[in-house]
């Protein structure tokens, strides 16, 4: 018989460290169905019958944040056999606030007070016996970091889980509130078990609008609640919160002897410098520059180039010696397949389709691991919260979080790790907005397109490249403002009431584990999309009707992809580049943006062109006007990103609807922007006023309306949709 | 009405009442800013918002717009 123990606690209380210590490598990491909240489950070391569920770090069981709703739905509907509540001993008061709520659930609770070594070092004393007596549950002292006490905590949790009896919560509120709660309890349906009645009574008293989703037939208690509110001159939710903290205040007074009052801790000193009004920004930019330099410009970039150009293209020289040349995987495979006289199409499928697809996935991994290593460190040491603190003022205007800075910065190198970096943003709305807008920033793969257009059409004018970045930033800003006013994003205000955790050195194990988990989830979830789409493009590019029969084609003009390009090229006539070659180039950009240049080269009759396509500048200048060329550039900068980035978007949204919404929005914005660029440009070039011009003006008017329409953030409705019950099946 | 928004850095104040409603108010209270709590305003972010306060022995950051909901003495 297996025992299920839920691990619950505040963020930054050492929960992850404890979870890792308890389960070791026996972990399954995933997502709660349909939402972006991470779900971790593991088996207790040395006792395979005990399953430990790591709940998201939460401060309360309120119905207002996604994490809290996920956690409490799990607790209410799945009812684990015991809750192991980990609390931070150095921050007892606020941590106990969640504990008082957990104890009302009617599930046996065992409390582990963490960071006892730090408490002792500060000269403070927590009287465990007193705390246990006051709270009415067993309390164990632990240090998750040093590994002390955790075995005892786990054993006690298992024992209490097997006993299956939850003591009634001993904490009581003031008389007037207790009377009302008793009255509500007596009105509850008789089927609700005794130990859960108080929980439902409190939730009804708070007018918790989500509690009705987990249980039906709750009584109407409005008159009782309203009368208490009138007597105590406050709303019922605040009354309960106040009562909890009043109670905790009394407990802490008896059990916690604080000696370190008023002393500056090391963390305070660090914070005094790092978020200093004058030094804060320079330090911030220094840290960001370092992250970028190492993970994009140097180590990460080298590693990714090695995988892309060495392992999967031309081979590489071991330790740099050309005598130790290691052939590339495609080369090896080609030799092998030719030796066994494999059919040409099968060889092409394996080498150009599957292996190239796998290479496309793996190529991102080294860079991503380097980036994730940094992110894990920044999160673990406490600086990530300060990033949000410093940048919030700027980013919140466009519906983004201060933490969106990092995804955008990394996005200038590559959008894929950029999107994956949005994982550090807690707020659901901010995170989704960041995922949707990160790829507007021109990544390094878009630079060849910029170079091509600048060189071929604008004579290498200096302003083309900066203007592309400005267009990207404008797209982010305008999208933020427009999207936050739409119904899909409205109603989820982001209360920026955020804990700034104490600085501390993260453990090597935790950092490496976090890095690996994120990297692996990219390979697993995004990898499938990337692989399948690479094979799809390989097929449409290499196959078609030639000389009256279907098969592999010699000339790309006969391929299915060219057919698709011809089929959709009319769509781009209003954008000024209705030529099918341009359409095919844009479609091939979905595999990787730099392919746009190469495809143009092939279509104009060159087997291979330079990175900026210098060979075809002349031809291109002949078929594009300046307005059309810039419109083509804008479209390729803003439209749906490459398949790898789409895979990352799909992975991070974890929801089909949101994924298509993101891709659809990006493509629509790209189309409209290009339309306006071409039509207005065309008019300036001396073109006639036509239907297209009128459409462009309409688009501009609509855009301005969406941008400036009045809007008010609603403070009370949180739009969290998740299926209860079903959502929590392990 | 005096609110937390107007408190200068380095000052300590006591919370009298919380205004507003819904998610933001609940969140502020969940984080420990309740009636009668002492709040120490520690610093302001480099761009002038949000602010960092010490409450119940830990550091919390909140925006000035939200600090306006907190009436103080």
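Positions of Cβ are set from backbone N, Cα and C atoms, glycine also.
According to TrEMBL, the protein has these features:
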type     : residues  : note
DOMAIN   : A:2-163   : domain 'FeoB-type G'
TRANSMEM : A:278-295 : transmembrane segment
TRANSMEM : A:345-365 : transmembrane segment
TRANSMEM : A:371-389 : transmembrane segment
TRANSMEM : A:433-457 : transmembrane segment
TRANSMEM : A:463-483 : transmembrane segment
TRANSMEM : A:522-539 : transmembrane segment
TRANSMEM : A:559-577 : transmembrane segment
TRANSMEM : A:584-607 : transmembrane segment
TRANSMEM : A:627-646 : transmembrane segment
TRANSMEM : A:658-681 : transmembrane segment
TRANSMEM : A:687-708 : transmembrane segment
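The average pLDDT computed over the domain 'FeoB-type G' (A:2-163) stands at 91. The transmembrane segment (A:687-708) makes no contact with the transmembrane segment (A:345-365): fewer than 3 of their CB pairs lie within 8 A, with pairs spaced 6 or more apart in sequence. Here the transmembrane segment (A:278-295) sits against the transmembrane segment (A:371-389); at least 3 CB pairs are under 8 Å, leaving out pairs fewer than 6 apart in sequence.
Note on the transmembrane segment (A:463-483): residues 397-400, 408, 433, 436-438, 440-442, 446-447, 450-451, 453-454, 489, 633-634, 637-638, 665, 669, 673, 703, 706-707 of its chain, located 6 or more positions outside it, place their CB under 8 angstroms from a CB of the stretch. Cβ atoms under 8 Å from those of the transmembrane segment (A:559-577) belong to residues 537, 539-544, 553, 583-584, 586-588, 624-625, 627-629, 631-632, 635, 671, 674-675, 678-679, 681-682, 692, 695 of the same chain, restricted to positions at least 6 beyond its ends.
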